[in-house]
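J.: Before anything else, here's the structure in question.
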Amino acid sequence: MQETALLERESAGTGNAPVRTDWTREEIAALFDLPFTELLFRAAEVHRAHHRAGEVQLCTLLSIKTGGCPEDCGYCSQSVKADSGVEATKLMEVQKVLQSAAQAKDNGSKRFCMGAAWRNPKDRDMPAIISMIKGVREMGMETCMTLGMLTPSQAAQLADAGLDYYNHNIDTSPERYEEVITTRTFADRLQTLDNVRNAGINVCSGGIVGMGETRADRVGFVHALATLEQHPESVPVNALVPIKGTVLGDMLADTPLAKIDDIEFVRTVAVARITMPLSMVRLSAGRESMSEATQALCFMAGANSIFTGDKLLTAANAGDDADAAMFKRLGLKPMEGEEPMRAMKSVGGCSGGCAA
């Protein structure tokens, strides 16, 4: 009876029902426990109620400053704690960044994301960052930055420059978090998300699965995002790319059974779609090792955004040509027009899951 009640309450979040931010862990766990085909059916219903079926947003991610990060994230090859062979670089010149953005636009990307391996940006770097944002926007592309933690003042500067999105992932569940990173707290991450939201910038926040976590951790990860006062406009779901020389990469090389299987990854995408119906759910790192069949299941489960191009920061990624061929085989097309949450904000009709 209790499971039935939970699933009946969960169904209130489907279709055109109000967006919920009061999900319980029990409800989310019940979704994960559904028969796989039933979960996909429910996720597809939610997706079609809020998004255009068959359209997938194309984004490009560029590392504008690689390596040398003082954080100890166990998955990251750019940490100074990792023995990954990644060499630290200086911040890219603005013109080179804009050249990369122009190429991404020519390849069909609508959003250009720029990432720097910093704990937080220094004030001396802000003028160059602002020039990058303005230059990319002048091309008619959406902009996203991921620079580490932000102060309210820095968030305001990025907002004034016209930044559309800021990415700051929560990585995993609050309980698992300290096993992955110790140099920045879970609360620190939430504070940066608050600073971004308060500055009027759209939030991009997700995490990584396949780090040896349990399903309970995946439940906690989705719960942490789905119960934010306002859902992230974008939710990237990464599958860990185990890199030699990183803590987690070396751990999983020795314990391959700790890796997440494809069906469980698709389940995570589906539960994210059901609990955050208006958000863009993005397939991010790890996609290059997924079969087209697995990716097709992810699209059926509600994923409607991908990173395209040959590289994501330091990890390999499916290239533009491979993605174009996959889109043709699956009958998908690049997304046009505004995302649902942004469109609702522009007409003043957003409630429950959108930013003010």
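The backbone N, Cα and C atoms fix where each Cβ goes, glycine too.
Quick paste of what Swiss-Prot says about this protein:
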DOMAIN    54-278  domain 'Radical SAM core'
BINDING   Cys69, Cys73, Cys76  [4Fe-4S] cluster binding site
BINDING   Cys113, Cys144, Cys204, Arg282  [2Fe-2S] cluster binding site
J.: Other than Cys113, Cys144, Cys204, Arg282, which residues of the same chain sit close to [2Fe-2S] cluster? List them in sequence order, counting a residue when its Cβ is within 8 Å of the Cβ centroid of the site.
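T.: Leaving out the recorded residues gives Cys59, Leu61, Arg111, Thr146, Tyr165, Asn167, Ser234, Pro236.
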J.: Given the binding-site residues Cys69, Cys73, Cys76, Cys113, and counting only Cβ atoms in the protein chains shown, which has the most within 10 Å of its Cβ?
T.: Cys113
J.: Tell me the Cβ contacts of Cys204 ([2Fe-2S] cluster binding site) under 8 Å, same chain only and six or more apart in sequence, or just say none.
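T.: In sequence order, Cys144, Thr146, Tyr165, Tyr166, Asn167, His168, Pro232, Glu233, Ser234, Val235, Pro236 meet the Cβ cut-off.
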J.: According to DSSP, which of helix, strand or coil covers Cys76 ([4Fe-4S] cluster binding site)?
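T.: In three-state terms, Cys76 ([4Fe-4S] cluster binding site) counts as coil.
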J.: Per-residue pLDDT averaged over the domain 'Radical SAM core' (54-278) comes to what?
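T.: The answer is 92, the mean pLDDT of the model over that range.
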J.: Can you count the other CB atoms that lie within 10 A of the CB of Cys144 ([2Fe-2S] cluster binding site)?
T.: 24
J.: Can you tell me the CA-to-CA distance separating Cys113 ([2Fe-2S] cluster binding site) and Cys73 ([4Fe-4S] cluster binding site), as a whole number of Å?
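T.: That separation, Cα to Cα, works out to 21 Å.
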J.: Roughly how many Å lie between the Cα atoms of Cys73 ([4Fe-4S] cluster binding site) and Arg282 ([2Fe-2S] cluster binding site), rounded to a whole value?
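T.: Cα of Cys73 ([4Fe-4S] cluster binding site) to Cα of Arg282 ([2Fe-2S] cluster binding site) measures 21 Å after rounding.
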J.: Round to the nearest Å and give the CA-to-CA distance linking Arg282 ([2Fe-2S] cluster binding site) with Cys76 ([4Fe-4S] cluster binding site).
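T.: About 19 Å separates the two Cα atoms.
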J.: For Cys69 ([4Fe-4S] cluster binding site), what is the secondary structure state per DSSP, taken as helix, strand or coil?
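T.: Where Cys69 ([4Fe-4S] cluster binding site) sits, the three-state DSSP reduction gives strand.
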J.: For Arg282 ([2Fe-2S] cluster binding site), which of the three DSSP-derived states applies: helix, strand, or coil?
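T.: Where Arg282 ([2Fe-2S] cluster binding site) sits, the three-state DSSP reduction gives strand.
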J.: Where does Cys144 ([2Fe-2S] cluster binding site) sit in DSSP terms: helix, strand, or coil?
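T.: DSSP call for Cys144 ([2Fe-2S] cluster binding site): strand.
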